[in-house]
Amino acid sequence: MASRAVVRARRCPQCPQVRAAAAAPAWAALPLSRSLPPCSNSSSFSMPLFLLLLLVLLLLLEDAGAQQGDGCGHTVLGPESGTLTSINYPQTYPNSTVCEWEIRVKMGERVRIKFGDFDIEDSDSCHFNYLRIYNGIGVSRTEIGKYCGLGLQMNHSIESKGNEITLLFMSGIHVSGRGFLASYSVIDKQDLITCLDTASNFLEPEFSKYCPAGCLLPFAEISGTIPHGYRDSSPLCMAGVHAGVVSNTLGGQISVVISKGIPYYESSLANNVTSVVGHLSTSLFTFKTSGCYGTLGMESGVIADPQITASSVLEWTDHTGQENSWKPKKARLKKPGPPWAAFATDEYQWLQIDLNKEKKITGIITTGSTMVEHNYYVSAYRILYSDDGQKWTVYREPGVEQDKIFQGNKDYHQDVRNNFLPPIIARFIRVNPTQWQQKIAMKMELLGCQFIPKGRPPKLTQPPPPRNSNDLKNTTAPPKIAKGRAPKFTQPLQPRSSNEFPAQTEQTTASPDIRNTTVTPNVTKDVALAAVLVPVLVMVLTTLILILVCAWHWRNRKKKTEGTYDLPYWDRAGWWKGMKQFLPAKAVDHEETPVRYSSSEVNHLSPREVTTVLQADSAEYAQPLVGGIVGTLHQRSTFKPEEGKEAGYADLDPYNSPGQEVYHAYAEPLPITGPEYATPIIMDMSGHPTTSVGQPSTSTFKATGNQPPPLVGTYNTLLSRTDSCSSAQAQYDTPKAGKPGLPAPDELVYQVPQSTQEVSGAGRDGECDVFKEIL
């Protein structure tokens, strides 16, 4: 037994005057509307006849039901679920209205009611503005509860004790209040949601819910389409109607998958629901289906041209003399060029597709002429199907005794999708236009998959008899309709003068076969996989970093062990020569190791030791070291090698370099057989005793024995200039020694340099001082 809604408006205490109820949607279940019989004061009306009429009326109400009143809003009552609202919802409901809904489901079931919104003014403590819910219908009903309140949170559901329940809404004088929206279902639908629930209300990445009938709300909107998904702010059930997974008149189960949002959501028209353009959101949702949603071959060419036929073809000759024919083979979706167009403009025209065998058809996509200069399209149509091409059946929704009218296009270029729920199992499909713009013209594509019968082999059908070209162009006879399913086209229908869409187009259908290609089918598996991979990757990266750090430390430690030092980069040709003076020489003999002693060290020596040192057979004079001249010195070291401390030394460190003394240090003589001391420098001043400052002079070093090569380059220049200065400065005496090899005198005395008067000006003195410091 289908659900029913009875709406009564009472204003007169003696005679109920029935006001015109708010028009119920044409797709609502049990659309018959009956009013209560008026009161009569006639005394001639016999009592038995009145009781008989009352009994007949009660039987009619029991079978069909009625909806009356002025306080009812959006109402869809299905056999297992439905949705109802107060009048003007979500705007403020008017004063002094009343509406009563009586809901009945099949025997053995109970009713569950859930509220999506409740906002009834409670200023009068629920005396004049309230919603009452009763168990049962009629005089035997018992009250479950009386509810009012602004913004009342009714999260719990209300259940009936039997298969019947009554809702009574009453409004008096009030200021505010949206009213209410409620949905119901049979008790076994534990996961019932309302038409206002969105994806953002649920935290699970995947979930399944039951959508009630009637969720195609006139005030709600969605954003998105398939297969890209819907914005998370879209109502779930309305998006399910648009996607084709549930029917607006029946409701159904949906399986939702949540994923990351996208920057832009497209607008599209499908199943009488228009989705609007949406912008970036944090998440989106889509629906899991079985996947029977592929194209059947109109666009791809799998369906051959002879398999596409029509009632008539539009042909004409233009002003240039060219013949134009918009044949049925041009009715392929997304193919450039003109569409199929009918020659006649009446409701007997059709476009037929032969699939060669039975297939499961889940939907259809249509478009107009796709030509801006020809604004032709079909705005409403019916679907007929057949197994043999002779006996045709009009598509209807389950439990509805009216033909399903599908909404078509609103312009000449946009694609519009409609789904079949339940799907059609047939070989032949006909599209019968009922409304159009100017001319009947369209392109189309069928959606579905192969049909595999369960428990029986595929049914083979014979192809329809061939048709000649004259029949194709001029056929206006209506198709044969199966008895009991749809009326026959026996009388010509009057063409419609307007393109107004009929009320039946608000009924929607759905397809269970939509696949989402942008969302992973199982999020929990991905989470488990990530929980395993992340620790493994962290361990691998940590191990790699440790290996690199250990290798770096080992390399540095190896360098320290080998004692490698970095040297400054000098010229490759002379860097080694310049380093010879800093590197210790490998002494072959004791005599080859030159030693330089400072004057302070000589002073520490006793006279006996000095005499012994000066009694060398041969003495060589060490060449002076000039700071900054690198690569021209032949002696590798000027330090005496450590041979142990002697008693005559006062310095603790024998390698201590000479300090800055107030007097000049003298070079020590270097004997050949023993420690060699630098020999005195003999300056040959005979050639330039009175040379002026501007004239260069020549000085030489004189030594006995093996004489090293003279210094050249800058060093000679410096010596020459020094000689020129020596004529005006103090002279140093040479030691009083005889020929090499002769015994030295008892005591060796060096004269202290004597200061003299300045010979030249301040400029000459400054110049000589500079060179003196260099030497």
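Every residue number used here counts from 1 along the chain in the order it is shown.
Positions of Cβ are set from backbone N, Cα and C atoms, glycine also.
Positions annotated as compositional bias 'Polar residues' by Swiss-Prot: 468-477, 491-517, 690-706. According to Swiss-Prot, the disulfide bond annotation covers Cys72-Cys99, Cys126-Cys148, Cys215-Cys237, Cys292-Cys449. As annotated by Swiss-Prot, domain 'CUB' applies to 72-186. Sequence annotations record features per position, and here Swiss-Prot assigns domain 'LCCL' to 187-285. Annotation comment: Swiss-Prot describes 292-449 as domain 'F5/8 type C'. Marked as N-linked glycosylation site by Swiss-Prot: Asn95, Asn155, Asn272, Asn474, Asn516, Asn522. Here Swiss-Prot flags 454-517, 690-710 as region 'Disordered'. Marked as topological domain 'Extracellular' by Swiss-Prot: 67-528. Among the features that Swiss-Prot reports, transmembrane segment is placed at 529-549, with the record citing sequence analysis.
Sequence features, as recorded in Swiss-Prot, placed on the structure.
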| residue | record | CB count, 10 Å |
| --- | --- | --- |
| Cys72 | disulfide bond | 25 |
| Asn95 | N-linked glycosylation site | 12 |
| Cys99 | disulfide bond | 30 |
| Cys126 | disulfide bond | 17 |
| Cys148 | disulfide bond | 23 |
| Cys215 | disulfide bond | 32 |
| Cys237 | disulfide bond | 32 |
| Asn272 | N-linked glycosylation site | 21 |
| Cys292 | disulfide bond | 21 |
| Cys449 | disulfide bond | 17 |
Closest of Asn155, Cys292, Cys449 to Asn95 (N-linked glycosylation site), Cα positions, recorded positions only: Asn155
Same-chain residues near the transmembrane segment (529-549), Cβ under 8 Å, at least 6 residues beyond its ends: none
Within the domain 'LCCL' (187-285), residues counted as helix, strand or coil by DSSP: 11 helix, 40 strand, 48 coil
Proximal but sequence-remote residues of the same chain as Asn155 (N-linked glycosylation site) (Cβ under 8 Å, at least 6 apart): none
Of the disulfide-bonded residues listed as Cys72, Cys99, Cys126, Cys148, Cys237, the one whose CA lies nearest the CA of Cys449 (disulfide bond): Cys237
Spatial neighbour of Cys126 (disulfide bond) that is closest, considering only the disulfide-bonded residues Cys72, Cys99, Cys215, Cys292 and their CA atoms: Cys99
Secondary structure content of the domain 'CUB' (72-186), with strand meaning DSSP E or B: 3 helix, 61 strand, 51 coil
Where Cys292 (disulfide bond) sits in the secondary structure, as DSSP reduces it to three classes: coil
For the domain 'CUB' (72-186), mean pLDDT (0 to 100): 92
Integer Cα-Cα distance in angstrom, Cys215 (disulfide bond) to Cys72 (disulfide bond): 16
Proximal residue to Asn272 (N-linked glycosylation site) among disulfide-bonded residues Cys72, Cys99, Cys148, Cys237 (C-alpha distance): Cys237
Of the disulfide-bonded residues listed as Cys72, Cys99, Cys148, the one whose CA lies nearest the CA of Cys292 (disulfide bond): Cys72
